[in-house]
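These notes concern the structure reproduced below.
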Amino acid sequence: MIIEPRMRGFICLTSHPDGCAQSVKNQIEYIKSKGDINGAKKVLVIGASTGFGLSSRITAAFGSNAATIGVFFEKPPTVGRPGSPGWYNSAAFENEASKAGLYAKSINGDAFSNEIKKQTLDLIKSDLGQIDLIIYSLASPVRLHPVTGVLHRSVLKPIGQKFTNKTVDFHTGIVSEVSIEPCTEEDITNTIAVMGGEDWAMWIDALKAENLLAEGASTVAYSYIGPSLTEAVYRKGTIGQAKDHLEATAFEITDSLKSIGGKAFVSVNKALVTQASSAIPVIPLYISLLYKIMKEEGIHEGCIEQIQRLFQERLYTGNEIPTDEKGRIRIDDWEMRPDVQEKVAALWKLATTETLPEIGDLIGYKKDFLNLFGFEFEGVDYAAEANEMVAVSSIV
Ligand code: NAD
Ligand code: NA
C-alpha cells in the first residue's frame with residue numbers, strides 16, 4: 001500500500017517501513033564512519049526500538065560488534081494497517097545485524113511485567129550466558145505494577161503552582177500561551193512509579209539473582225535536566241521528581257553490584273524530538289529555538305550522535321568515566337553551554353507566531369517529527385507501494 005503521514009494531535013497514526021529502515025541504515029552508517037568503540041560485547045537494551053534506546057543498540061552492535069537483545073513494546077503490522085515505527089525500526093535493525101553476522105533478538109512486550117522479564121532472562125541464559133551492559137531507555141505513560149497490580153499513569157505537570165508560558169503547536173506554527181494546573185500528591189507518586197528507578201532496579205536484581213551479569217557489568221539509564229525556561233514543567237515538575245528518583249536509584253544499584261564490581265550510571269542527554277518530548281507543552285518551542293542555535297554553532301546532534309559520543313567519549317575511553325558533582329554523565333554539555341542558553345533565552349522573549357519561522361527551526365522540528373515515523377527520508381520513494389507486512393523471525 002501507499003503510506004502517507006496521518007496526524008491526530010501530537011501523534012502520527014501511520015508509519016513507513018522503508019523510511020524506518022532508511023533511518024536505521026543512516027544510523028548504522030554514521031556509527032561505522034566513526035570507527036570502532038572498545039565497548040561491551042553482550043548488551044541488553046530495554047526500550048530498544050526508538051529514540052535513544054534504538055541508537056544505543058545500533059552503537060553497541062555496529063560500533064563494538066556486540067550481540068544485542070532488545071526489549072520494547074510495539075505494534076506489529078496487520079494486513080492494510082502499518083505497524084508502529086519502533087516495530088519497523090527493530091525489523092530493519094535485525095535484518096542489518098543478521099547481514100553483518102551479529103547476534104540480535106528482540107522481545108516485544110511490557111518490560112514492566114514479570115513475564116517479559118522472565119522471557120528475557122531465559123533468552124540470555126540460553127543464548128548469551130551473561131550480559132556486560134544494560135541500557136535502560138524506557139519512556140512510557142503508564143506502568144502496571146507487577147507486585148501491586150496498580151496501573152500508574154505519569155503526568156507532566158508543575159508542582160505547587162500553576163505554570164504559564166509560551167508554547168508552539170509545531171504543526172501549525174502558532175505560538176500561544178499555555179497554562180498547566182499544578183499536580184496532586186498522587187500525580188507525583190504515580191509519575192515516580194512509571195518513570196522513576198524502581199523498574200530499572202527490578203531488572204538488575206532479577207539479572208543478578210540468576211547470575212546473568214558478567215564481572216564488571218554496567219548499566220546506564222537516561223535522564224534530562226534542561227534550562228530554567230522549562231524547569232517548572234520539567235525538572236521541577238512531576239517528571240523531574242521521577243528523574244531524581246531514577247538518579248538516586250543509580251547509587252543503590254551500584255551498591256547492589258559491589259560483589260561483581262558492577263556500576264550503574266545515569267547519562268543526562270540533550271533535548272531531542274521524540275514521540276515522548278513532542279507531547280510536553282513548552283518543550284517543542286524550546287527545542288525549535290535550541291535547534292536553530294545549535295545548528296548555527298555547528299554543534300547540533302540527534303540521538304545517534306549523542307549516543308555515539310556517550311559510548312566513545314564517556315563510557316569506553318579506557319579511563320574513569322567522567323561525571324558531574326551528582327555522579328551523572330553529561331552529554332547535554334553542548335545544549336547547556338552558557339552561550340547557547342543565553343541565546344535561546346533571548347530568542348524565547350521574541351518568539352511569536354510571526355517571528356518563529358525566522359528565529360526558530362520549526363522546519364527542522366517538523367522534519368525530525370516526521371522522521372520518527374519513517375517519513376521525509378531522502379532515498380525513499382514514498383509514491384511507491386510499501387510492503388507494510390515486513391516479517392522478522394527474531395522478534396518474539
Ligand atoms: P522513545 O519514546 O523514543 O522510546 C521509548 C522506548 O520504550 C521504546 O523502545 C518503546 O517501545 C519502549 N517502551 C515504552 N513502554 C514500554 C513498555 N511498557 N515495555 C517495553 N518497552 C516499552 O523515548 P526516548 O525519548 O528515547 O526516551 C528514552 C529515555 O531517554 C527516557 O528516560 C527519556 O526521559 C530520556 N531522555 C529523553 C530526552 C528527549 O528529549 N527525548 C532527553 C533526555 C533524556
Ligand atoms: Na528509547
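The backbone N, Cα and C atoms fix where each Cβ goes, and this holds for glycine too.
Of all Cβ atoms in the shown protein chains, 24 besides its own fall within 10 Å of the Cβ of G51 (NAD(+) binding site). Annotated NAD(+) binding site per TrEMBL: 47-52, 73-74, 110-111, 138-139, K243, 272-274, in sequence order.
In sequence order, Y234, R235, K243, V268, N269, A271, D332 make up the list of same-chain residues 6 or more apart from Y224 (substrate binding site) whose Cβ falls under 8 Å from its Cβ. Per TrEMBL, the feature substrate binding site maps to Y224.
Confidence across the domain 'Trans-2-enoyl-CoA reductase-like NAD(P)H binding' (2-78), taken as the mean pLDDT and rounded to a whole number, stands at 96. TrEMBL lists 2-78 with the feature domain 'Trans-2-enoyl-CoA reductase-like NAD(P)H binding'.
Per TrEMBL, domain 'Enoyl reductase FAD binding' is recorded for 323-385.
Taking all protein chains in view, 20 other C-beta atoms sit within 10 angstroms of the C-beta of E74 (site 'Plays an important role in discriminating NADH against NADPH'). Residues annotated as site 'Plays an important role in discriminating NADH against NADPH' in TrEMBL: E74.
Screening the binding-site residues G47, K243, V273 for a C-beta under 6 A from any atom of ligand 1 leaves G47. Classification of G51 (NAD(+) binding site) by DSSP places it within a helix.
Neighbour list (D110 (NAD(+) binding site), Cβ cut-off 8 Å, at least 6 residues apart, same chain): F73, I116, L144. The number of other CB atoms found within 10 A of the CB of K243 (NAD(+) binding site), across every protein chain shown, is 25. Proximity to ligand 2 at the level of Cβ atoms, with a cut-off under 6 angstroms, picks out G47, G51 from the recorded positions G47, G51, E74, Y224, V273.
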